[in-house]
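Trainee: Sharing the feature lines straight out of TrEMBL:
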| type | residues | note |
| --- | --- | --- |
| REGION | 1-26 | region 'Disordered' |
| TRANSMEM | 57-77 | transmembrane segment |
| TRANSMEM | 97-116 | transmembrane segment |
| TRANSMEM | 128-149 | transmembrane segment |
| TRANSMEM | 170-190 | transmembrane segment |
| TRANSMEM | 202-223 | transmembrane segment |
| TRANSMEM | 235-256 | transmembrane segment |
| TRANSMEM | 276-295 | transmembrane segment |
Amino acid sequence: MERRGAGLPGRRGPRAARRPAGGTPAGVRFSAVVGDAVQHHTGGAGTAAGDGDAVSFAVRTAVVLAWSGLVAGYLVADRVAVLRGRTSWPSVRTASWLSGALLGLVVSVGPVASAAGNSFTAHMAVHLVLGMLVPLLLVLGAPMTLVLRAVPVHAGRRLAGLAGSPPLRILTHPVTALVLSIMPMALLYRDGSALALLHDPVAGPVLHVHFVASGALFAYAVVGVDPQPHRASVTLRAGAILVSIAAHGMIAKHLYSLAGAAGMPDGTAGAAQLMYYGGDAVHALLLVVFCLQVYRRTGRAGRRAGASFSGSASGRVV
């Protein structure tokens, strides 16, 4: 990514001296950018310090319970499947799911979450983890397949039918999943005006949920290992991944160009670079998974075709 003098951390270009009417001066701390919104939505500095603490505690508790619930639910489903006489569940899938859930918990509460509230670069790291890495790990855990193993047959058939319903077919299409993943991110980082939403007591957690949900939806659409009755073609899924890579790159470059502009926090350039290169790293992992899946499916199809040809040839009368 091309470096620009005005966009480097700790330097001020000509734009840094301008203060838009009613705006925020350039180069302010990330916590200052979002602080006014937090104070406003928690009732002000005086009366609502206690209310704000109560809201924060409630949000943190809900986050911990949500991630813990994902871990517990997965392990319970695995145990129920064993009790129903199913074969052993692959440990790599369990490890993938647990890694995703625990990683999501680590970056959502505690020191990492606190750092993300004061540093734009730390926030971007959390965004990459919640929006890309955690969803990929969760999807590779194959939770739907595990649930189908744990529930009775009639319930499993209903769930399988629901997965193939027209609304879910549209929702899990690679193009739909790509739009739901990219567009909100582009709007969030368009000009810095929406950054205050990240620390709103309601909008902030909702955005984090969206990061995980949209990332999981996209990962499922392109590399999902769970049942997918109407899976898109290899070409379409590969194209969606390439468009996602390009879109992330363009958004990161646009964010980098805003470094030093009025209303943008310190560390914008570093956050943009992390978004660019960190996003590429996770996309590379996604491509590796995609290529392995295609290779395995192609190899199995080739072996079946070879076995069929050998069987037909051996049955000929000479």
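Heads up, the Cβ atoms here are built off N, Cα and C, so glycines get one too.
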Trainee: Would you mind listing the long-range same-chain contacts of the transmembrane segment (128-149), meaning Cβ under 8 Å and 6+ residues beyond its ends?
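Mentor: Cβ under 8 Å, 6 or more out: 70, 74, 77-78, 81, 84, 86, 89, 93-94, 96-101, 103-104, 107-108, 156, 159-160, 163, 181, 185, 208, 211-212, 214-220, 223-227, 274-275, 278-279, 282-283, 285-286, 289.
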Trainee: Taking 3+ C-beta pairs under 8 angstroms (sequence gap of 6 or more) as contact, is the transmembrane segment (235-256) in contact with the transmembrane segment (170-190)?
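Mentor: Yes; at least 3 Cβ pairs under 8 Å.
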Trainee: Same-chain Cβ contacts of the transmembrane segment (202-223) under 8 Å, 6 or more residues past its ends?
Mentor: 41, 59, 62-63, 104, 108, 127, 130-132, 134-136, 138-140, 171-174, 176-178, 180-181, 184, 188, 232, 237, 240-241, 244, 286, 289-290, 293
